[in-house]
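Visitor: The feature [4Fe-4S] cluster binding site is assigned by Swiss-Prot to CYS316, CYS319, CYS362, GLU369.
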Amino acid sequence: MQCDFVDRILNEYDLLNAIVYRSKFTHEVKVGDVIIGGNNPIVVQSMALGGSGDVYQDAREVLELAQAGSELVRIAINSDKAIKSVPYIRDVLINHGFNSKMIIGCGQYEIARLVKQYPECALALGKIRINPGNIGFGDKRDKNFEDIIEFAIKNDIPIRIGVNWGSLDKYLAAKLMHDNSLRGTPDPDYVVLRKALVISAITSAKHAEKVGLPANKIVISCKVSKVRDLISVYTMLSKICDYPLHLGLTEAGSGVKGIVGSSAGISYLLLHGIGNTIRVSLTQQPGESRTNEVKLCQEILQSIGLRNFSVQVTSCPGCNRTNPKYFHQLVSDVNKYVADRMSVWKNANPGVENMTIAVMGCVVNGPGESKHANLGISMPGYGERSVAAVYQNGEKLCTLEGNNIFEQFVSIIENYVSIYYH
């Protein structure tokens, strides 16, 4: 009986891994030096707040996002001034060593005019995002859409067709709602709206292909503000198309709510092989930088094992066994030290982002967790001998004591990085 149970666990585990970690096939879309889709790493995106009216300030913001690790940065193209600023922002990025085509232009009904009026500025964009729900209205809608697509074809620029819950094509939504009302058992409204999002995205993409845009120049997104809607919509998209998918929870909110919602939805989809590029959209607190969105994207990818961006510091929460005065301070100091050193390590020590460091509070789980990491330190808890055991590659290396345990441990970290990542 026990053997049967063990065999079942092992078989179920293998099956789960086969399902969860198999990426869905998609076309590859090249945006400058970045490739979205195929078997390429999930791409991190962000959007600049902009709107300062100062091109130098806007350029600084885009640069900060790039320096934080955003591989593509979207900016709003909603005025003559906005589109004329694109070449300058691009040049700032190039001068700092970044991808010359990492800027994505995002516009609504006005973007067709701006691209046509300032083509030399639009050529500095790496990709253009258009929303079928507000690209135009009435008889101008299809013409505006086709003008953008033709510009993209002529200049070899990829397009993201981004449908949004808040600006869904009202004619399509009304028709689907009407048709649904005539059914014997109508679907709930939210189901109809989910279907409308997918239909809008796919029909727009197919229309772009009909105009002449190759499939490998198209990325799709369907943004909603609820996690279950996000999962449902993108699961449908993944089943019926091979376009790369841009994931994100729109209007996610701020603080813990926005972080949890975005992390839950994006992680679920990525772990089921759905999604090729991600953006987290949070409402900033006053004075908060949008670079936090980039860091959150990176943390999502690193926490689910899809990409590594930084040395991972593992630590326990602490309990009545630990000495919070020393333990919590050590955790804080190690995290800060790693964050400060990453820019140097990444250039001088390739692969260091795959390293793990464990900082543990007592003997209960400390030694075991430390042995799982590249380097680990197990602090003395209440009632334990006042020494900290250090483990390296699963073996005990030494014990530290005194008032400068942090400085001693940092020296060990630096030595490890220099030996194993060079």
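The backbone N, Cα and C atoms fix where each Cβ goes, glycine too.
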Visitor: What three-state class does DSSP give GLU369 ([4Fe-4S] cluster binding site)?
Guide: helix
Visitor: By the count of other Cβ atoms within 10 Å, pick out the sparsest of the binding-site residues CYS319, CYS362.
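Guide: Lowest Cβ count within 10 Å among the binding-site residues (CYS319, CYS362) is CYS319.
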Visitor: Given the recorded [4Fe-4S] cluster site (CYS316, CYS319, CYS362, GLU369), which additional residues of the same chain have their Cβ within 8 Å of the Cβ centre, ordered by sequence?
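Guide: Same chain, not in CYS316, CYS319, CYS362, GLU369, Cβ within 8 Å: PRO317, GLY318, ARG321, THR322, MET360, GLY361, VAL364, ASN365, GLY366, GLY381.
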Visitor: Does anything in the same chain, at least 6 positions from CYS316 ([4Fe-4S] cluster binding site), have a Cβ under 8 Å from its Cβ, and if so what?
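Guide: In sequence order, THR322, MET360, GLY361, ASN365, GLY366, GLU369 meet the Cβ cut-off.
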Visitor: Can you tell me the three-state DSSP label for CYS319 ([4Fe-4S] cluster binding site)?
Guide: coil
